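Asker: Under the heading transmembrane segment, TrEMBL lists 6-23, 86-110, 153-177. Look at TrEMBL and you will find 95-221 tagged as domain 'Fatty acid hydroxylase'.
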Amino acid sequence: MPEYALWSVVILLGLELMSYLVNEIPQRFFNPSAIPIRGKHLDVLSWKDISFITWNKFTTTLFTYHALRFCWLSPRIAWGWSEMTILNTVIAFFSLFVVYDFFYCIWHRILHVRGLYKFIHKHHHHQAAPSRGNADAVNVHPIEFIVGEYCHLLAIFIIPCHAVVAAVFVVLGGILASLNHTRYDIAVPLLFDTKAHDQHHVIPTVNYGQYTMLWDRVFGTYVPHPLSSRPKAE
Ligand SMILES: [Zn+2]
Ligand SMILES: [Zn+2]
């Protein structure tokens, strides 16, 4: 118990630091209002929003504890520096995101099923123009959050990788999901685009992926953001 309490403090402080940096660092390189607001921005967080955000941050301490414990005990996760290979680093790194988004897309589509939507996922969509980064990203119903978090563990379970890659996957995942809920236009061609998730907040029946639009392209639910489909002005 004392170790878990210490672990929780470290994770919660880390989350606060990440939330701060996700808004502050890109500001030096990107326009903080590059993605135009097209829906109603949730200006004031209600007690329910704040309770969900706080609860979900505490859930993250449990998820990261289980992820660390799994990596420590699983014979499929390498720890030694000398055990690093192309397969368990570079290839595993990309595979983790692909596998994660496969399950996340399915989960996200289930959340949008008529009849179920209003009980869980509607809460996240009452913010039509996310801007707060991490706070808007984790402002979801606790059931939605816990399944989304443990999909990371499912991906690590499926893809044998190096412990460092598993850690990078989880931390980078938190950063990218937070960036998806800012107005920064940050894109890596074919891999990641903050505008794609903004499009989902405007048109909830498209772009179900969290990190990549790969599965949306496969399932035919990918619709590019107007800024992505428009040719750049000279
Ligand atoms: Zn969202
Ligand atoms: Zn949604």
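Backbone N, Cα and C define each Cβ position, glycine as well.
Are these features on the surface or tucked inside, and what touches them?
Answerer: Sequence-distant neighbours of the transmembrane segment (86-110) (same chain, 6+ residues past either end, Cβ-Cβ under 8 Å): 78, 116, 121, 147-148, 151-152, 154-156, 158-162, 164-166, 168-169, 173, 208-212, 214-216, 219.
For the transmembrane segment (153-177), the list of distant contacts is 15, 18, 22, 63-64, 66-67, 70-71, 74, 76-79, 83-84, 88-89, 92-93, 95-97, 99-100, 103, 134, 137, 192, 210-211: same-chain residues at least six beyond its ends, Cβ to Cβ under 8 Å.
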